[in-house]
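Asks: Take this structure first; my questions come after.
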Amino acid sequence: MSNQHTLLSSNLLPVGSNISTWWNFGSMLLTCLILQTSTGFFLAMHYTANINLAFSSVIHILRDVPYGWIMQNTHAIGASMFFICVYIHIARGLYYGLYLNKEVWLSGTALLITLMATAFFGYVLPWGQMSFWAATVITNLLTAIPYLGTTLTTWLWGGFSINDPTLTRFFALHFILPFLIISLSSIHIILLHNEGSNNPLGTNPDIDKIPFHPYHSYKDMLVLTIMITLLFTIMSFTPNLFNDPENFSKANPLVTPQHIKPEWYFLFAYGILRSIPNKLGGTLALLMSVMILTTTPFTHTSRIRSMTFRPLTQTLFWLLIATFITITWTATKPVEPPFIFISQMASIIYFSFFIINPILGWAENKMQ
């Protein structure tokens, strides 16, 4: 047998013959990461991390830098594509019970948290109205931490308010964190190839395996072509589709936007935060909205790994997806009835999934 590493040899990397298109999102995420890192590198050459020049430097990139508009729009739309792929990737993991591969799942959760932090820091960099106020609201949540809160917030801001030092350190963090994402992604992939991919049926994949190349690599290339075509179509026709109109105005600490909200991919967490009237409670709920994913490998009770043959759990899963979309929608609305109530109910259902799921698994075992 050849001494080549499994990841480098196509013949030594057999994959289950029945893995579906839902297994293509890993390679799509890798493509998004390469795209974001390369466009970000070129943008960093022209960007200026100064509160007086940041907004103007972004306009300079769009107007004066050759093909700067392609770089800037690809980077902005690419972030949305990244999160669409991430959320589908996580949903696939929940549906097919892939979280039982604990190391891969937990490293993936760490990746998600790092990615969210990176995207948040990046959203602040253009120094538009929504960038500034979203940063103010989210970083201010640190003050909810007992005893250390105020000190931590002052340390993060680099002063007693969001100012030039804040933007400088956010740029530094936004530049350095992608390298941590690349490292964590490598760990994630190595841990996955330790055991190999699962399949939609949740059966032993060793029974029927085929080489990754050409069978699955061509399938990957097709989905990647569709994704890149979609990205460039959005960039060409509606480049500001995911942008907030408020962010076309330069940051002004004296004027508060009517409705402060982060980018669409954080709205589910922001909606959960807003649904709780207590600051500390809201902050904990915000953290738990992501951290609760780490509990799934330890609360799985069903004898069957995948949800493919579990209709009760399937119903619960699709309720979770509907809840996720509902919270995202309510977070775009003002804090007033009926949106407060809808948001609170949706948040309860969201967290209930992780409690009811193991109970349903146990009930299904009894019914078999």
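Easy rule for this one: first residue shown is 1, then count along the chain.
Using the three backbone atoms N, Cα and C, a Cβ is placed for every residue, glycine included.
Found this in Swiss-Prot, in case it helps:
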TRANSMEM  25-45  transmembrane segment
TRANSMEM  69-90  transmembrane segment
BINDING   HIS75, HIS174  heme b b562 binding site
BINDING   HIS89, HIS188  heme b b566 binding site
TRANSMEM  105-125  transmembrane segment
TRANSMEM  170-190  transmembrane segment
BINDING   HIS193  ubiquinone binding site
TRANSMEM  218-238  transmembrane segment
TRANSMEM  280-300  transmembrane segment
TRANSMEM  312-332  transmembrane segment
TRANSMEM  339-358  transmembrane segment
Asks: Among the binding-site residues listed here, HIS75, HIS89, HIS174, HIS193, whose Cβ has the fewest other Cβ atoms inside 10 Å?
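Replies: The binding-site residues HIS75, HIS89, HIS174, HIS193 were compared, and HIS193 has the fewest Cβ atoms within 10 Å.
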Asks: Can you tell me which of 25-45, 105-125, 280-300, 312-332, 339-358 gets the most C-beta pairs within less than 8 Å of the transmembrane segment (69-90)?
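Replies: Result: 25-45.
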Asks: Tell me, please, if the transmembrane segment (312-332) and the transmembrane segment (339-358) are in contact, taking contact as 3+ Cβ pairs under 8 Å between residues separated by 6 or more positions?
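Replies: As far as Cβ distances go (cut-off 8 Å, pairs 6 or more apart), the transmembrane segment (312-332) and the transmembrane segment (339-358) touch.
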Asks: Can you see whether the transmembrane segment (170-190) and the transmembrane segment (339-358) are touching - at least 3 CB pairs under 8 angstroms, only pairs 6 or more apart in sequence?
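Replies: Counting Cβ pairs under 8 Å, fewer than 3, so no.
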Asks: Select the closest residue to HIS193 (ubiquinone binding site) from the following binding-site residues, measuring between CA atoms: HIS75, HIS89, HIS174.
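Replies: Closest recorded candidate to HIS193 (ubiquinone binding site) by Cα: HIS89.
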Asks: Tell me the Cα distance separating HIS188 (heme b b566 binding site) from HIS174 (heme b b562 binding site), rounded to the nearest angstrom.
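Replies: Between the Cα atoms of HIS174 (heme b b562 binding site) and HIS188 (heme b b566 binding site), the distance comes to 21 Å.
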Asks: Do you know offhand how many angstrom separate HIS188 (heme b b566 binding site) and HIS75 (heme b b562 binding site) by C-alpha?
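Replies: With distance taken Cα to Cα, HIS75 (heme b b562 binding site) is 24 Å from HIS188 (heme b b566 binding site).
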Asks: Rounded to a whole number, how many Å is the Cα of HIS75 (heme b b562 binding site) away from the Cα of HIS89 (heme b b566 binding site)?
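Replies: Distance between the two Cα atoms comes out at 20 Å.
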Asks: So if I draw a 10 Å sphere around the Cβ of HIS188 (heme b b566 binding site), how many other Cβ atoms end up inside it?
Replies: 21
